[in-house]
């Protein structure tokens, strides 16, 4: 079994990658998370774009563990906010990881924005870095519209207000496997699979 | 005396325009505010840009009063926030006009943004609409850097964290007349003066 480190402490992201790797039949790869390796100093996410943060996180993980590592940086790009919260999605309210405060803030900022200008996209940059130094960076995008109040309890982050194009539900009302098939993170992680096959 | 209506309830903006008109020696013009005319319904600011909001506000004021009217829409465009808060500057925290909450929020959002990427500009679009229907729209910009904590008590809005290029002080540490000479709103209002001379 080749170990592949997903450089995240987010159990839901780890679960997503495990489902995707399993669904693709990559049976020679064991996906582990940061909780499974000795801790190492993690640099703050200060790059101005998703790709820069994803690559930096994956490089740090490879340097610290010697394992192949995947890292992602994801967020919501809101048209009426010129593409923000973007790389600041998880700390938009000024407090890192406070999903409820971040949701309340985006809903408040968009209160006067009419329905026809409420477009947005989830964006995920995913980076695979191998111990050899080889790097692959990919990007997945998922277009939709931001509704005016929360619906659904699945997912995390901005899922309760994101209604994907062509869908009547929010991404928080979709089952995990349905979301994986469509989502920005699913797209990006699947785009890394060809590079993963060489590993397994 | 020709009456010129400044379509704002903000006493500080009214004071700014009065100072500028007086400094330019336009003695035939009396600047009045919305408090001096019968109230009329004001449309919400829903345009995606400063110019659209300024013109809409000035048109509403002329239609309701028959007077020549100036309106402005101003805000802070932060580089690391892709030009936001922009038209949402006064309601960035989700609560309209809460300067302290807005300041705290921008400082929190920029906490991890390094010094070399903390550029920003104040932007003001000012519109003059005459009862004849003639419209003039101008724009003023003021470049600077956002510091990490408040300094100074003058001005309003984001002044306490905005340090203009070439200045060691924030715009909240400048005297009103100094600020008028340099600021986005001063630039825009002075750019309207040629059109005002025809009025006086």
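Any Cβ shown, glycine's included, is placed from N, Cα and C.
Substrate is bound by A:8, A:9, A:10, A:11, A:12, A:13, A:156, A:157, A:158, A:159, A:179, A:184, A:185 in TrEMBL, and the record lists one more residue there from A:39, A:74, which is A:74. Across the binding-site residues listed here (A:8, A:10, A:74), the residue whose Cβ sits among the most other Cβ atoms within 10 Å is A:74. The separation of residue A:73 (active site, proton acceptor) from residue A:8 (substrate binding site), Cα to Cα, is 10 Å. Spanning the listed substrate site, residues A:8, A:9, A:10, A:11, A:12, A:13, A:74, A:156, A:157, A:158, A:159, A:179, A:184, A:185 have a farthest Cα to Cα distance of 20 Å. Of all Cβ atoms in the shown protein chains, 23 besides its own fall within 10 Å of the Cβ of residue A:159 (substrate binding site).
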